[in-house]
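Below is one structure, written out as structure tokens, with a few remarks after it.
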Amino acid sequence: MSKSFSFHISANDGRARTGIVSTPKGDIRTPAFMPVGTAATVKAMMPENVRETGADILLGNTYHLMLRPGAERIHNLGGLHKFMNWDRPILTDSGGFQVMSLTDLRKLTEEGVKFRSHIDGSEYNLTPERSMEIQRLLGSDIVMCFDECPALPADRARINESMQLSMRWAQRSRDAFGDRPGYALFGIQQGGLEQDFREESAEALQKIGFDGYAIGGLAVGEGQDAMFGVLDYAPNQLPQDKPRYLMGVGKPDDIVGAVQRGVDMFDCVLPSRSGRTGQALTRFGAVNLRNARHKDDPRPLDENCTCPACSNYSRAYLHHVHKAGEIIGSMLLTWHNLHYYQELMQGLRDAIAAGELDAFVAQFHATRAQGDIDPI
Ligand SMILES: [Zn+2]
């Protein structure tokens, strides 16, 4: 196992790439999907089962963990990996995005963000330096720069001002992170939907120098066309030989389109959150198991899926446990959704390696266009 952090691309197909991000805690096959373990758990899943779905890496949220149970406490208990029983790589976000989106009680200055906890109202000060410290205390393998991003739509002046602040915070994050062999720090490109700002941001980040580069400020309500518009150029503004991570994306078709455009890493709460609300994500698109059409249906959710929900249970059972609010409903559908996402990523990796990505993507869209099987 590698003692340092590195990225090796084994095949290209068009703008898409497949390869391996190596870390001392294990390899991450790319393109990679990272399940979200917000509060030191992927909700409704045991960590060993998350691994069984094919996940190589999890994402943890700095904002939630700093408030509860606290970064120092997790550090004293042996770090996040031991605390949550996941010995493979963990990426943590910087807390910036969630402070901005989750709390109204905040004050943004050059120094950082002051905010009040949504849990008990106590006051916190999050700066690039403190974010680096928290992510170090957690033991995160891939640390994200502390940044700021405006909700879209926003005017050019606001987007530029925010991007410039994020680039100053990127330098402070780099300085505070220091030299930590085996651990990686990713910069985050900002600039909204403005190509010139994205270019300026990419240049500023490369001048500082990072182990990987995220494309930030997307999936914030701009829609898929606008997002793909940015992804038509943004990945190419970043270094070819470093991993590229599209933050907070996305739906299966968002991920497929982004992989075609050269993105290597993704995270999203969608498969786990949907699993708790009765929505299955399948080859045929989204299926709402709460719908009465499934009440008497003895067939599996997807006859070709090898996950426990599809192997051992009927649509009628999945419908019943979701209607009855039984915990196993969340467990089974979260498992299925994460299994489906990881299977999709494996399909993308294999297709890129074989030089057959276009055919794979055509089949992906054709299957979705069929829609769910007809009711019995
Ligand atoms: Zn399944």
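Cβ atoms here come from the backbone N, Cα and C positions, even for glycine.
Taken verbatim from TrEMBL:
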| type | residues | note |
| --- | --- | --- |
| ACT_SITE | Asp93 | active site, proton acceptor |
| ACT_SITE | Asp267 | active site, nucleophile |
| BINDING | Asp93, Ser94, Gly95, Gly96, Phe97, Asp147, Gln190, Gly217 | substrate binding site |
| BINDING | Cys305, Cys307, Cys310, His336 | Zn(2+) binding site |
| DOMAIN | 15-369 | domain 'tRNA-guanine(15) transglycosylase-like' |
| REGION | 248-254 | region 'RNA binding' |
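All features noted in TrEMBL, drawn onto the structure.
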residue: Gly95; record: substrate binding site; CB count, 10 Å: 27
residue: Gly96; record: substrate binding site; CB count, 10 Å: 27
residue: Phe97; record: substrate binding site; CB count, 10 Å: 23
residue: Asp147; record: substrate binding site; CB count, 10 Å: 30
residue: Gln190; record: substrate binding site; CB count, 10 Å: 31
residue: Gly217; record: substrate binding site; CB count, 10 Å: 32
residue: Asp267; record: active site, nucleophile; CB count, 10 Å: 22
residue: Cys305; record: Zn(2+) binding site; CB count, 10 Å: 18
residue: Cys307; record: Zn(2+) binding site; CB count, 10 Å: 24
residue: His336; record: Zn(2+) binding site; CB count, 10 Å: 30
Report the DSSP secondary-structure composition of the region 'RNA binding' (248-254) as helix, strand and coil residue counts.
3 helix, 0 strand, 4 coil
Filtering Asp93, Gly96, Cys305, Cys307, Cys310, His336 (recorded positions) by proximity to ligand 1: which pass a Cβ cutoff of under 6 Å to any of its atoms?
Cys305, Cys307, Cys310, His336
Select the closest residue to Ser94 (substrate binding site) from the following recorded positions, measuring between CA atoms: Asp267, Cys305, Cys310.
Asp267
Asp93, Ser94, Cys310: which of these recorded positions has the sparsest Cβ neighbourhood within 10 Å?
Cys310
Asp93, Ser94, Gly95, Gly96, Phe97, Asp147, Gln190, Gly217 excluded, remaining Cβ within 8 Å of their centroid (substrate)
Met100, Met144, Cys145, Phe146, Glu148, Cys149, Ser166, Ile188, Gly216, Met247
Around the Zn(2+) site recorded as Cys305, Cys307, Cys310, His336, what other same-chain residues have a C-beta within 8 angstroms of the site's C-beta center?
Pro300, Leu301, Asp302, Thr306, Pro308, Ala309, Ser311, Trp335, His339, Tyr340
